[in-house]
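Shown next, in structure tokens, is the structure this report addresses.
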Amino acid sequence: MEAVREPRTPQSQKGDRGQGGKKRSLQGGQWAKRQKTRKEKPVNEGSHEEVLVADIRALFAKQKLSQAPEGDIVKKEENADDIKTEEVDSTRVGNGESTNEVGKAILPDKFAEIEVEVVEISSTGDGLAIHPDSDQIYVVPFSTPGDIVKAKVITHFKNEHYSLADFVSVVKAGSLRDDSRVNCKYFASCSGCQFQMLDYPTQLAHKKTIVEKAYKNFSQLPPELMPLIGDTIGSPLRYGYRTKLTPHFDGPPGPRRDRNKVFKEIPEIGFMAKNRRVTLDIEDCPIGTEAVRMGMKRERERVGEKLSTYRKGVTILLRENTLRVRNDDEQASKDIPDTIKTTTEKYTDFKSCITDNNGTSTEYIGDFVFTNIAGSFFQNNNSILTPFTQYIRDNILPPTPSSAEPPIKYLIDAYSGSGLFTITLSSLFESSMGIDISGPSITSAKENAKLNNLPESQCSFMAADAPELFKSVKYPKDETVVVIDPPRKGCDESFLNQLMQFGPKRVVYVSCNVHTQARDVGVLVRGSEVGARYNLESLIGFDFFPQTAHVEGVAVLSRVDPEEKVGKAE
Ligand SMILES: C[S@@+](CC[C@H](N)C(=O)[O-])C[C@H]1O[C@@H](n2cnc3c(N)ncnc32)[C@H](O)[C@@H]1O
């Protein structure tokens, strides 16, 4: 059943406004009633779906569409019914409702191509578009506000009134789009980058809105408790910045458990296609550093040569490694095969790409040196780490130290990894302690403390679950600051409760997922009955991943002492 009207011409876009140019209110009225009764749920794990649905709900409210969705944010899997029934193209991502009827609206058939007008970019990096025939929002990747694009419908989500669609082509470009900026021939098919068609200031401005919306949707804090959000700080490198990439290839086609299946030809080696469960063959990725790109080429060749040794798919680790020598060292004048050589005033760096998960990678942040087990966590954009750690240094202590209060002398780095914050901030404190659940990361952290001439009395580490730190912490709470940098799912309740019970003077919350950060910061600002509560002093994003929709958030919080009131930061 094809329910699409004639394709929209650019002129017919005026159809979004009724006669007299009034903003349309499709079937009017109901949405407002629903807005009153709806209470936003806190984000669970800040998944793609949760964040997308929050944006879609907000857009429904803004556009005054009649079918504003209600109820819980449903995970895709809970709403699934068409993975099994998909006959047309089993590689398609999409497990929404298979029906084409949503409420009273008739929706386009799956795989129908329709023209839609993009009204905003979601926090997930996708264009959110409207179509004149239905109260449904179309999620179209690689599109920007003002674009009219042709999109191919993949699946409809009945509960939330949105549809996923593939980007097909631009019918009329909006003012933000300039495709001559695109730097990769796989852009608009690879799932890696979303924003290559945007200029960099627009990318940064968008990332600021991601932080704003995250706190609006998920912190449950009233606006008067929010500070002004800072402008997102950009990455010195906008391409060639990723020090780690993990391309993969799938096993030989055929039944999964058939160990006798062998590759007949070199498989696609690369990254997932957007909206499809297939791997794209990608021979080069311009967001990788030169050394990583060199490693990617080499590893692709190696897989081809050793094809008969593989029985299943593999994820290939590509991690940059730096060998630094002083310019007065004889080695600096030589070339080392398979390395990218760069010379600065004092040093010559030889950058290579390592692929062994258990190998050791080395990198430099200013004058600090960090080693890491290559397969363990370390930040992926070295170019931003100097301004980033400097920002934390500049903000970790109170802006105006009070003579009536004891100075802050102690640092706890929770979720410390291999010691990025513990080590780069250590000189500000008498004693610092890092804790991380990963044994290999803590082994690296101890080694890194030694390499940076920090004795154990000044900088120590512990391999344990983060809440364990509160059992042994000896630092006085009034003289302690805690840095938190958890994984994407954020902190668990037990950790936050114990943190508030301990009640350090300051908390700096760093996160690669601003949505779970907003949820957790909301908890700290509201406080607990038996513990401290906090004032959100400042909030800012850092662009660790240019060309993508990711943003790293840094929230600085100060404890509210009994005589103080929680209030808007100066
Ligand atoms: C985003 S990384 C941050 C690491 C470090 N701050 C850095 O920037 O290099 C999150 C870290 O949390 C650690 N982690 C995950 N769950 C944890 C837990 N329950 N307790 C302590 N550490 C945990 C991981 O091992 C990882 O090193």
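Every residue, even glycine, has its Cβ placed from backbone N, Cα and C.
Annotated features, as they stand in TrEMBL:
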COMPBIAS  1-19  compositional bias 'Basic and acidic residues'
REGION    1-48  region 'Disordered'
BINDING   Gln379, Tyr415, Asp436, Asp485  S-adenosyl-L-methionine binding site
ACT_SITE  Cys512  active site, nucleophile
ACT_SITE  Cys512  active site
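Recorded features from TrEMBL, shown on the structure.
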{"residue": "Gln379", "record": "S-adenosyl-L-methionine binding site", "Cβ within 10 Å": "21"}
{"residue": "Tyr415", "record": "S-adenosyl-L-methionine binding site", "Cβ within 10 Å": "22"}
{"residue": "Asp436", "record": "S-adenosyl-L-methionine binding site", "Cβ within 10 Å": "27"}
{"residue": "Asp485", "record": "S-adenosyl-L-methionine binding site", "Cβ within 10 Å": "23"}
{"residue": "Cys512", "record": "active site, nucleophile", "Cβ within 10 Å": "20"}
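Listed in chain order, the extra residues whose Cβ falls within 8 Å of the Cβ center of the S-adenosyl-L-methionine site residues Gln379, Tyr415, Asp436, Asp485 are Phe377, Asp413, Ser416, Gly417, Leu420, Phe421, Pro486, Val510.
If you compare every pair of Cα atoms in Gln379, Tyr415, Asp436, Asp485, the residues listed for S-adenosyl-L-methionine, the longest distance is 15 angstrom. Note: the Cα of Asp436 (S-adenosyl-L-methionine binding site) and the Cα of Cys512 (active site, nucleophile) are spaced 17 Å from each other.
Spacing of Gln379 (S-adenosyl-L-methionine binding site) relative to the residue listed as 'active site, nucleophile' is 10 Å (Cα to Cα, whole number). According to its DSSP assignment, Gln379 (S-adenosyl-L-methionine binding site) is coil.
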